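A.B. asks: The annotation transmembrane segment is assigned in TrEMBL to 32-53, 230-250, 257-275, 313-334, 355-377, 450-475, 496-516, 560-579, 599-621, 633-655.
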Amino acid sequence: MEDDRKDAVYGTPQKYDPTFKGPIYNRGCTDVICCVLLFLAIVGYVAVGIIAWTHGDPRKVIYPTDSRGEFCGQKGTKNADKPFLFYFNIVKCANPLVLLEFHCPTPQICVKQCPDRYLTLLSARNTRDFDYYKQFCVPGFQNNKGVAEILRDGECPAVIIPSKPLAQRCFPAIHANKGVLMVGNETTYEDGHGARKNITDLVEGAKKANKVLEARQLAMQIFEDYTVSWYWIIIGLVIAMVLSLLFIVLLRFLAGIMVWVMIVMVILVLGYGIFHCYMEYSRLRGEAGSDVSLVDLGFQTDLRVYLHLRQTWMAFMIILSILEVVIILLLIFLRKRILIAIALIKEASRAVGHVMCSLLYPLVTFFLLCLCIAYWASTSVFLSTSNTAVYKVVDDTACPLLRKTCNPETFPLRNESLQCPTARCQFAFYGGESTYHRALLGLQIFNAFMFFWLANFVLALGQVTLAGAFASYYWAMRKPDDMPAFPLFSAFGRALRYHTGSLAFGSLILAIVQIIRVMLEYLDQRLKAAQNKFAKFLMVCLKCCFWCLEKFIKFLNRNAYIMIAIYGTNFCTSARNAFFLLMRNIIRVAVLDKVTDFLFLLGKLLIVGSVGILAFFFFTHRIRIVQDTAPPLNYYWVPILTVIIGSYLIAHGFFSVYGMCVDTLFLCFLEDLERNDGSAERPYFMSSTLKKLLNKTNKKVAES
């Protein structure tokens, strides 16, 4: 009675069909409307890209811009030999209004080189140093005015100080001398009236400006580390690829042994991590400064500082110990279920062994995703740089025209300039007031939405292709004799020919949820300063709900694509049948599927942990490969993290094939149990291993 009620709620089990022999070949197109909608959306996306490429100018991102809106260092312009941007008074750039107005309210010019000496306008005037000083004045400067008039008109800076280029911009070269911050070798400077002042005020202003650039300096140092270590990073990723492939090949023949060896190796790797953390913790005992707490130290851009604290290694040791205990407890309580998972992995190993080209399919998915990312990124850059130059009135005094839009060519001749004699029409930022410029935000949202849609479509195409290939293996009574010649290519062709619309439908639903999540994140960032607790609570609830919804849709889509690959039904029908089938076998789903996922996770941890430890010992100069050693680095964690993340992505790509194989075989296994009973007329298609595990047998056909 209970089973009957369950069937009534979650549909009826599949009935025996004597003509069903696996993935149906005689099928028709599904969800044609969604296919047409995707085609129209792609046409619109291409049109947006063409418009963006027509109006955009990536030079606005690469090259700095002077007060006239002209690029510095750009070939083909009059500033081609002037690659650096010089600020007349960089102290004004530390003003908080800069973040609101998106420009620094001081004249900016392109120069050939940053200043390398300390000079003031008063001290350099009428001396040989003035020839050097004039290169930091506005282009076309004529030395026919007094000092006060030059400073009033903003034609020359009042003082130049030793500077260093950073991101093609000149910033003060600040250094410490006996605990005193200095710029160059000077501690005082002359103002515009000849008075000597302490340069500390200038240094403090420069410090504020430099703090804004700390993140950029960190990024530059990280980039330098990549330039000298990219060769070894690639070697580490190749090692991860070889280990992943070797692991899968060995898993095909020694699935049970490999799973248990993998479990033991993960426990040993975590154990070594705990031991290493304890040794570092003990080594730092008694060293000066090692007992400083992480809270007292605060955030430091040089992350190596934290490795000299005992508390850091204690935190690492606690985290690894908790992870070790959790894994051991899970293994103790799930030891019987692991045997069932091993049987599924063995069956998946055989399936992958007969469809070996499936291991290369993630490269196709990766290539298509790279195309989507490249198109989205380039379109986004061109859209963000398709604005026109906007000029605004800038003045150091109170002026009614302050921050109003102006035209630099006509501003000196207009009557408005008479209201503010000292005002300047200066380049502010890139923007615009046309219909196209007002639509830029909407175009950026459409760009992001299409990226999600196409990326999800590429992933869906891979899932349907792999599911079709592995389903051909399961539903072959004599494996592999009854399998098609090229199951992967056949499944790929069926997916594109008949089910582009269904894949577009499932991808569209997921893309809508993802773009809503992005908009919620944007609103959350904008509302962080708000004190409305109810709004914050509502935002957290919405973000949590849509996160859960996205996870559920991904799970449902994955199983719906398997049903599409097998039966050729439309998306809604496939999703409903897959959901009902899983709900009718919810216990098996919860145990077998999740335990298998857990074992795959352990495999990823083993590969990532092994490659990560090797990278750690190499880049910290603790081991050498042949005669080569690691290059000198600013932060050795940069290549280590890159290798670890890359190794995880590579391992994930290989194991995703295995995961899709297990999910497909599991769904086919459930269908097999409902369709057949092991009789001569309705034999099971499952392997002998699964039949023994479930005490199922096929009765022999009576000989005539």
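Yeah, the Cβs are placed from backbone N, Cα and C, and that goes for glycine too.
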A.B. asks: At a C-beta cut-off of under 8 Å, are there same-chain residues at least 6 beyond the transmembrane segment (355-377) that contact it? List them, or none.
C.D. replies: 49, 245, 248, 447-448, 450-451, 454-455, 458-459, 461-462, 465-466, 469-470, 473, 487-488, 653-654, 656-657, 661
A.B. asks: Counting only residues 6 or more past its boundaries, what in the same chain has a CB within less than 8 Å of a CB in the transmembrane segment (496-516)?
C.D. replies: 27-38, 445, 448-449, 452-454, 456-457, 459-461, 464, 546, 549-550, 553-554, 557, 560-561, 564, 568, 570-572, 574-575
A.B. asks: Given a Cβ distance threshold of under 8 angstroms, which distant residues of the chain, six or more beyond its ends, lie next to the transmembrane segment (32-53)?
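C.D. replies: Counting only partners 6 or more residues beyond its ends, the transmembrane segment (32-53) has Cβ contacts under 8 Å with 375, 378-379, 382-383, 386, 436, 443, 446-447, 450, 453-454, 457, 500-502, 504-505, 508, 571.
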